[in-house]
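Engineer: Before anything else, here's the structure in question.
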Amino acid sequence: MLNFVLRQIVRFVLLMLAVSLVVFALVSASPVDPVQANVGQAAVIGMSDEKQAQLAAYWGADAPFWERYLNWLIAIFQGDMGTSLRFNAPVADVIATRALNSLALMAIAWVASGVLGIVLGIVAGAFRGRWPDKLVKGYCYLLASTPTFWLGLVALMVFSVWLGWFPMGFSAPVGVAASEVTLADAAYHIALPALVLSFSGVANIALHTREKLVDVMESDYVRFARARGEGLASIVRRHGLRNLLLPAITLQFASFSEIFGGSVLVEQVFSYPGLGQAAITAGLGGDASLLAGIALVSAALVFTGNLIANLLYGAIDPRMRLRAGEGGKRAGGGRAAERNGADDADDAGRGAALACERVRHRHGERKRSGGGTEADACEGARMKGEPHAE
């Protein structure tokens, strides 16, 4: 497990270095003047060409690409990400201030979308082909095809303008100092943006959970459980949840990039002071330092979500670690696993056979509604040696 964790951390570091290289290359290739990015457009207008050349040499703007990249990377490791011209403050301070607002917004939306998506997926999968399934699928398809900014505008118009249930935007009441903002005020202002943002991640989780539950409900051990008279709720709880929660949680962590991408638009619509609104302001204003810093922070957040998903998957499912190269003595371990698997299959087959005898004695050879007899279902489960037969 330790090797697997170290391998994932090294992968995270390499991805961050690759992102930093791409970000710096894009900023260097942009039409933004390095001197103007450091002193501002107003100062450059009245500056002579000689002075601009001196400043460019002072900041190393005429140095080779790799030298400038290494200097920039070293400065970032030292905590110096430059100065934002739009906010007239260090980039690190601007990101730190607005990252708290964005993280609170995304965390609430992320949890809400995961819980709602899993619940809707379970309902749709349990009632496959019936009206709850059709209703959930239609709802998910509608959400997946609806732009986040349009949904935010509609929610703002309905719940803020017409009904007046929520404020028009911002993260605090207008005219109130930050030190005087209460937790109730912050929750009141974040509720509607978080609700809109959570809708962007519901569709994928719900549809994926539904498909996984449908596969479980069509398995042989579920057919055998039905033959024993087990109810739908018990089947979903005992056999469904244990098989679908891990993929759903993994997908939820991997979908953090969608939540972050949607937060950029939601923050702009609701005038919410977060990283998304700061990124749009930096892009429109040519603030290269702030834009590069936000790009690095956003990549770190997305990669962190993927890293947590991989670590959870590896901790719960040992096959993930084996595929990643962990296991040491694979040949001996593989043979031992095959022997243990064969023994387990034999034990499960004997247990299934005993259960089938009880079913035949209790129910006889009655025809099941799905076709075939209960004895046939028992025989199929016994031949496969399903571990969930009992």
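Every residue, even glycine, has its Cβ placed from backbone N, Cα and C.
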Engineer: Ranges 54-75, 186-207: which does TrEMBL label transmembrane segment?
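Structural biologist: Per TrEMBL, the stretch marked transmembrane segment is 186-207.
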Engineer: Six or more residues beyond either end and a Cβ under 8 Å away: which residues meet both conditions relative to the transmembrane segment (139-166)?
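Structural biologist: Cβ under 8 Å, 6 or more out: 120, 188-189, 191-193, 195-197, 199-200, 202-204, 206-207, 262, 265-266, 268-270.
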Engineer: Could you give the residue numbers and ranges of same-chain residues that sit at least 6 residues beyond the transmembrane segment (244-270) on either side and whose C-beta is under 8 angstroms from one of its C-beta atoms?
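Structural biologist: Result: 102, 105-106, 109-110, 113-114, 117-118, 121-122, 125, 147-149, 152-153, 156, 169-170, 192-193, 196-197, 200-201, 204-205, 208-209, 212-213, 216, 276-277, 279-280, 298, 301-302, 304-306, 308-309, 312-313, 316-317.
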Engineer: So which residues does the transmembrane segment (290-313) touch in its own chain, when a touch means Cβ under 8 Å and the partner is 6 or more beyond its ends?
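Structural biologist: Sequence-remote neighbours of the transmembrane segment (290-313) are 4-5, 8-9, 11-12, 15-16, 19-20, 23-24, 27, 76, 81-82, 84-87, 91-92, 94-95, 99, 246, 249-257, 260, 275, 278-279, 282-283, 320.
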Engineer: Near the transmembrane segment (186-207), which same-chain residues lie under 8 Å Cβ to Cβ, leaving out any that are not at least 6 residues past its ends?
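Structural biologist: Long-range Cβ neighbours of the transmembrane segment (186-207): 104-106, 108-110, 112-114, 116-118, 120-121, 124, 136-137, 140-141, 143-144, 146, 148, 151-152, 155-156, 159-160, 166-167, 169-173, 248, 251-252, 255, 258-259, 262-263, 266-267, 270, 272.
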